[in-house]
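Quick notes on the structure that follows.
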């Protein structure tokens, strides 16, 4: 996110303050042309909202959804053993402007598999996410999962049958924290996510209705727990929780004057932190792109198949697609749940940077595997949850 023209510029990887600017310009969310006779394709944010509505309406007849990357259409998986009920569900999906797709496994079956993994396979170096395109739970194991740990994982997953697919990552699953350059602490470098504001003291989770998801309680506690009761109104930014746990004071340049202090941080469990500005610097709700800016007007929910951009202090802007939602990641430091999974690359120092699509903020970079030379997988903390937890709004 942009802080000031003086202190932040969009520069190449390795530059001192690239992440503070929140580099990048995502293409606008534009509806693509639908095949002849099909309902017009919704823009991606609309597709995400439609998906939530349809899944709630269909209940047990639904088994996830995704945006088809080729056509841009929302696809809703339909499951059932009763032909009449399945037909009715398919008709409801079509009537809403989406494409139904019959699948073999129910959402309940996939949820049961995830619960088993949660209870019996919480092994550092593993992650799992429900992939609606594959209609199964995809488990990733990094190179540290060997010997007894690998045997344990194989025992658990083999008992889950076709509901689970295991994939090996070639690089270690890690947080993207680095000791080096960008929003700088005394020993760690991260990336600024989004500028946010708090309208009044002790709002207790009241934010913009557009920005905050329904339901869910704000975390309790101070810096260790993530609560913000009693915090003053004013200007803040959000970043990764593991960054906030590592550093209290932040600067825009290495060894430079303080611009903000961490007021709350949560990690593991979730991965977000709130930093209050202590310096009088401009902080518009915009992503700096080097040649201009991309305004950020709102927070939104991601959709599988959605085209997204990510920016960070180490690698700048990279693009890709959302590959899964509600992912569980078992870092060496602990488990984080509810993450967005993508095929966008990232590297150490990119932690906390923004994930966005056009003028919609989606998430904060948490961690992953791989790099931006060979490619990789990156996980993001959803932004709406962060806004609700801290009682702030994008701005």
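Using the three backbone atoms N, Cα and C, a Cβ is placed for every residue, glycine included.
Every protein chain considered, the tally of other Cβ atoms within 10 Å of the Cβ of residue 242 (active site, charge relay system) stands at 27. Taken from TrEMBL, the feature active site, charge relay system covers 242 (among others).
The secondary structure of residue 271 (active site, charge relay system), as reduced to three states from DSSP, is coil rather than helix or strand. Neighbour density for residue 271 (active site, charge relay system): within 10 A of its CB lie 34 other CB atoms from the protein chains shown. Residues or ranges marked as active site, charge relay system by TrEMBL: 271 (among others).
TrEMBL lists 351 (among others) with the feature active site, charge relay system. Following the DSSP three-state reduction, the secondary structure of residue 351 (active site, charge relay system) is coil.
What TrEMBL records for 218-229 is compositional bias 'Gly residues'.
Secondary structure at residue 190 (disulfide bond), taken from DSSP and collapsed to helix, strand or coil, is strand. A sphere of 10 angstroms centred on the C-beta of residue 190 (disulfide bond) encloses 36 other C-beta atoms. For 190-243 (among others), the entry in TrEMBL reads disulfide bond.
Its Cβ placed at the centre, residue 345 (disulfide bond) has 23 other Cβ atoms within 10 Å. The disulfide bond annotation in TrEMBL covers 345-372 (among others).
Residues annotated as domain 'Peptidase S1A alpha-lytic prodomain' in TrEMBL: 106-158. Averaged over the domain 'Peptidase S1A alpha-lytic prodomain' (106-158), the predicted model reaches a pLDDT of 98.
Residues or ranges marked as domain 'Peptidase S1' in TrEMBL: 233-383.
The region 'Disordered' annotation in TrEMBL covers 201-233.
The signal peptide annotation in TrEMBL covers 1-21.
When the disulfide-bonded residues 243, 372 are scored by other C-beta atoms within 10 Å, 243 scores highest. Secondary structure counts, DSSP: the domain 'Peptidase S1A alpha-lytic prodomain' (106-158) has 26 helix, 12 strand, 15 coil. Note: the CA-CA distance between residue 190 (disulfide bond) and residue 351 (active site, charge relay system) rounds to 5 Å. On a Cα basis, residue 351 (active site, charge relay system) lies 14 Å away from residue 372 (disulfide bond).
Just so you know, the Cβ of residue 351 (active site, charge relay system) picks up 34 other Cβ atoms within 10 Å once every protein chain is counted.
Reduced to three states, the DSSP call for residue 372 (disulfide bond) is coil. Annotation note: residue 345 (disulfide bond) sits in a coil segment as assigned by DSSP.
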